[in-house]
Amino acid sequence: MSELPPLPRTTTAAGVVGPVDATQVPRYAGPATFARLPRTDEVSRADVAVLGVPFDSGVSYRPGARFGPAHVRAASKLLRPFNPANGAHPFGDQQVADAGDVGVNPFDLGEAIDAVERAATAVRADGARLLTLGGDHTIALPLLRSLAKDHGPVAVLHFDAHLDTWDTYFGAPYTHGTPFRRAAEEGLVDPERCLHMGTRGPLYSAQDLEDDRTLGFQVIRSDDYEVDGVASLVERMRRRLGDGPVYVSVDIDVLDPAHAPGTGTPEAGGLTSRELLQTLRGLAGLDVVGADVVEVAPAYDHAEITGIAAAHVAYELLSVLALRG
Ligand SMILES: N=C(N)NCCCC(=O)O
Ligand SMILES: [Zn+2]
Ligand SMILES: [Zn+2]
């Protein structure tokens, strides 16, 4: 079969292959990869791989995060190569490529969790850092399992309305409300360096917070943003995370439902997208070894509000990775 000519891409002097050139192919045309970047099989190696995990068998309320990866990729088409907020070229100072989706079993949660860990380990085997698009929050557990094999216990910086350190739901240990309790029990996280940000909303009991503290988490609440402001919270965040490896997990429901309606367990009183993006920029210089953006459920989204927020979260995370030099 005859083929279309190759898509025009910007390639830097160092050989980094960027997104399809938007001055030659309009943004709504071209590939469905994240930010119209090359696929991992189109480049010789990647510094960062974007991996989709279309999985939502761990949810406790509204389903639909299995469609998150495709939605975030679709909403990422407008991202441009230069980040003026911090001077990063997230697609030029490092090779970013899209590794596609993991094919996970929606009917067997244990098998799905193992498949995510295997995929993460395979994609990271050539040295790529992983930015994962979920999927519900259950997937943070296998992602941490994979990372801990190389890095040992990591700091977890967890943006979420919820603690996600609950024990079980209906007796089930692996759900989107329990990944960080399992991770702590398995010794995958450094209990001196873990932090939730944006926590809010009703709990089951006061004991939830006690348990959470015992597992090694500190909490910066959504309300603290109002009182303390981003700059002072960033200072606190950096003190807590220290110099070692950091895993960043962003549940999009950390945003107020006005800023992210498309999610499964929304809670009022959340962060603005501006607060979240600014906080992420505060990670510059830290050793971010992996990250995820989870819980985007497009069926409840409007006008791509949530998809765009998630794409920008991913962009800021890629910028932090690019600034590591
Ligand atoms: N990880 C997310 N998004 N939600 C957890 C909520 C668990 C619950 O229904 O209590
Ligand atoms: Zn949540
Ligand atoms: Zn969560």
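Using the three backbone atoms N, Cα and C, a Cβ is placed for every residue, glycine included.
Database features, via TrEMBL:
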{"type": "BINDING", "residues": "His137, Asp160, His162, Asp164, Asp251, Asp253", "note": "Mn(2+) binding site"}
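Overlay of TrEMBL annotations on the structure.
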{"residue": "His137", "record": "Mn(2+) binding site", "CB count, 10 Å": "29"}
{"residue": "Asp160", "record": "Mn(2+) binding site", "CB count, 10 Å": "25"}
{"residue": "His162", "record": "Mn(2+) binding site", "CB count, 10 Å": "25"}
{"residue": "Asp164", "record": "Mn(2+) binding site", "CB count, 10 Å": "27"}
{"residue": "Asp251", "record": "Mn(2+) binding site", "CB count, 10 Å": "28"}
{"residue": "Asp253", "record": "Mn(2+) binding site", "CB count, 10 Å": "29"}
Listed in sequence order, residues not in His137, Asp160, His162, Asp164, Asp251, Asp253 with Cβ within 8 Å of the centre of the Mn(2+) site Cβ atoms: His158, Ala161, Leu163, His176, Gly177, Val254, Thr265, Val294, Glu295
